[in-house]
């Protein structure tokens, strides 16, 4: 007898089929199958076969032992394709739910592992991998041939093992037939190539078992063929049989033959010698199932019920018998009859099983007796040898399974598992849609994603031009280790290309790409949706549908083996189901698919007999009968599915024996008889479950009928937009599809809808995707109805809208001529149709609005209901928590009781310990172990305590660090607060100093300068030239000497007023590296012209040339320009070796624009893209700005008066963001050099009034944008400005003129626009009328010139008609203002001027400008001496009183008056200063009157007593004394580093005799205390005290003033030296304050009071003047005395004067 054992494993496990009668022993290579099903099968676990696939896979062995049949190649292809097609049709469904099924499969794999470990007691430690040894293989072969198996073996404790039972029939598994087969479907030609290549290779791949075709072998070889496949981990091989299906008529005849011969009909693998030659030979192998049996509540069971409905509808649609709804009752009755037959046959099941056991035992004893088995020479010819490519684990890190390969890489097999293979192919499919995965490899483009994992990483690409594969590093490590081919450069050939060459196979990549691009083609392997899976009752229902079409012979055979015929019919039903899972009508291979389906429907099982089985049967017939063998006749045992709707597995045993046999029964027979009662109990439970499933089937049928009534044909349901192959399951899907279709149509009506509509469309798509992912667990009936109605309305509206659009296009297409030729009725037809459609559209739109409102209300109501449900759930949760708390209290009470019991037990344990002494040595070992564990416990406790201590120490350290950190933080915060206060104090004291220096100290300095100038004019003593004076001196003073006649004679003397005002010229050679095209005007040759002009003045000693200025600090560049603009400018330069320049423009955001255009250089600037940049342009621009900053340092700190910067590129058109908003371009400019220099001067040198004069022919719009609104700067520009803005840049209309009402200028911008081709007269008139007065009113401290010489009449720009003499004149005008107000400080920066080729106008203009700038006339020098060198006789009124209201004139600039204490302090000090000044003036006035009287008296006495000789002696003495005195007089030192003749009075010691006349009571103590003033640009603070005696003890810088009090009451006018050895003598200048006090003239408006004005203050004390750059000292002539004994006058006040002239 033969039995078939069904072994369950993973989905891709290869099932070995062994026919004991045919001696085909197959040892499977199943790595994951650890089950030992020998003697451990149970009918109670038949539901474990739910996932078995009965269709033959391409991976299964084909054991077609048909001796007389000849199978053609076409039939063989059909054989190969028949099983896989059923499985593939439903793979698409599985792919859509891959995420859920992957989780289920992982859980099933874990459950399978547990089940296999429990089931296989003979496996050593549950080992999973490894090949069995030769001994184990032989043992397995012996057991598979001789060991009988009972269908159900129970364990001694009465439990049933987890794995499932045996089956003598290859029953088609209806549900598992619908299980997904991951093997890709191949076409006929591909399958033939695959079979031929595998047979020629002699082995199998990782996914393909050896495919053996019996047609290629002799008849005898087919009978004795043995396929031995090594099963690595299956220690006990199980035996199964295959069912070779044939036509149904032949199958029934064979069954009848077997019955007449009294053989066992359960052996279905008998050879049929009478088969026709055209029969299809199918070998349907049972694929092993995976996982534990599913329960009714699992997700897979829910899917099965849904799939059942689809399957029934599909079969009804393809069969006339099942499509009629009236036949449903007949079908149900047939199912009931089948259930009753199964229940009746249950009683006879055990007898057949027992007889089967007996037969198997007899066969085992026969072989034990030493009878050899027949073996053929082809036994191991097709032995399945493990492939050398079988590498594990999976390429995914951490995955241990590898039973698959990526379809995209075949024939190169990369080990992977199902989960990661699907995920990888999904990622590669997405990359294919994005374009990262190449569609056509012949293009030579390489992939951007890995061909194994699908990730976008760094790839190693194949060197073959026809291969686009690339692999990442992680995947290369595994694949290279497998194939021994590491990437070694650009010529590396990948593994896929190698295997294509060696195996001569086709690449799978092209087919896979076509599948993804054309998913509807059935010839391309693709994953279809999984079809419905059927439970037991549904399978029987479909079986009886097929039985109605069978012949009477089949019906008779089905009485013996109903399950067998049902299973054969299930194959046909599976074929029908394929039509529902995938519609082949849309495929180009429709006829071929229908042909295959028809073949499968007509196919049936054939029974074949082998020689061994025939011989064995004859031996059994000749043996005498046995009493124990007569148990029953033709008993059919059917086992139905268990709970959860398992698949029916029938174990059919037909026992027909006559007589008795002397052979004793096997020992297992008794065990089988004892288990019959338990089997009947389980069978009854299954029948009850079948009844319940029958009720479910009825409900599904009713639901199906209802859907057909509502929706018509099931196959014509609405197709989902997001998943076209998926049928909508609820109204939400229908609603989403209808709305999406409507939105998609409406969006096509307008190409540019409003932004609001676009946003709504985007939000709609986002919401639609979210709703599609929601799984509705609750039933919202009202919402569903409203949604369905709204969907229908939307559909109607969409149709009507489409019709309206079509009608509109139709009406629009009609031409007027056609309408005129048509009749009235003909013209009205389309109009009436359009009106009708519009009316219907409006009506539908109104209904949609109402329906939307009602749907919204229904949704709100449903939300409220859901919220109430949530509240109920929360309430239930609270109740559960309360119950759990009560339970926990109860449990805690029980725990306490248990602990009490434990304590009692411990006491008893102690008692038993006293008895341990009396025990044997074994007890001592126990005590030793206890002691050891206790020591370990103590050690661990000690370690834990130490760790706790360490943890506490760490916590303490952390707390200390936190405290320390907080304290430091608090300290830093206090310091920051203090620094902020200091900043506020510094700002306050600065503005206080600024104010008082302007209001008080400046007045005092001014009065002192006026008085000194008066005294200078009164001195008549001749002063010779100093050694270093210049030769060109002019006589401007006279000296009074005594003549021979004793009368005073006035002699003219020469005083050196020719001062050295030095000029510095700055340029850098990098400025020439700013490259522009040859046609451009702003060329590097302009710098060569300017430098050549500078070199002409190199011989002048007053001119210095500096050719290496540093780059400007980027901080000052950022103070002028936007940081983003500078960053874009630095990153937008062309490469270093580029032959082309780049056009550069920018908007306000700093974005660069490159345009292939250039400026029209012949005249107007029509084209706006005129600025070019090269690789070194930014370096040149930074050096240019650095030159201007170096000029500021030279003028402010290095003793130079003027500076000229020959730089490029120009900058006065560059605004804060590059191009200004009102200009068309940047006008050749990159960064604004003049603006950067002005900001630099303001920030570093402390200038508060800086004037920028731009006389370029183009308006300096960039400089105006940067400096506008800042009171520290004044910008003046004279340029060409047309009304129509034709001339570049079109900006700079007249602005900034004086206000006629207020007489003041408005703002800090003065623009003077000239008409084009204006001449010199108008140009110079504008300078005299507007520019010079504006500068006079502003009184700048520093002047910048944007020197643009493109206004010349010969310049290519043709803007103005000026000459080079005009630039000479305006430069002289600027110098005049500079000498008057800013000590001659001028910085000239080259801007425009492009006449360098023909006219050479630039050279002439620069020469004129430099000549006027460098060479000083006598009038200019005299103006400089008057302005800030000599003391002019300006008469001012009395010093004004201090007013606290004028303390802060501009709150926005100087801050708010928020510190009252500071204001009060300053107010008190200034009041004291006012009082001191008033008292000092009054006292000095009285003293002056007395001194004048005394001098008059002394002069009269001297004239009367003096003789002619004495007069000559006195004259010589006075001249000598005067000469000696002038060498030591108070001089004004300059900061010129080159002048060696400067006299620095900072370190001079003035020994002034303070003559305290005891008779003079008018001397004030204030006269003995000098007051220090420093008149630098950054003025110090005038500090006073509250002393009413006005004692100001201030010492000057390193000046030691020794006032010796000589008590000389008689001669107060003599000058006395305190140190007789000192050769120097000081000049005591009489202070005449009467002229100042009596002068009532108003102040001169040309010399207003300012911190930097020349005449500062009235207190004759220590004065430090800034900004006078002179190499020769100015000599102050003392006033001669009329007395012969008094060559010089003396100041009665004894106030010394130390005049220190230092620059900033």
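Sequential numbering from 1, following the chain as shown.
Using the three backbone atoms N, Cα and C, a Cβ is placed for every residue, glycine included.
Per Swiss-Prot, the candidate among 1170, 1350, 1354 that belongs to the divalent metal cation site alongside 1256, 1258 is 1350.
Around the Cβ of residue 1350 (divalent metal cation binding site), the number of neighbouring Cβ atoms within 10 Å comes to 25. Excluding the listed site residues 1256, 1258, 1350, the same chain places 1257, 1279, 1348, 1351, 1357, 1359, 1391, 1392, 1393 with Cβ atoms within 8 Å of the centre of the divalent metal cation site Cβ atoms. Counting in whole angstrom, residue 1350 (divalent metal cation binding site) lies 13 from residue 1227 (substrate binding site) by their C-alpha atoms. If you draw a 10 Å sphere around the CB of residue 1256 (divalent metal cation binding site), it holds 27 other CB atoms from the protein chains shown. For residue 1258 (divalent metal cation binding site), the same-chain residues that are 6 or more apart in sequence and have a Cβ closer than 8 Å to its Cβ are 1212, 1213, 1227, 1279, 1280, 1287, 1288, 1289, 1348, 1350, 1357, 1359, 1392.
A sphere of 10 angstroms centred on the C-beta of residue 1227 (substrate binding site) encloses 29 other C-beta atoms.
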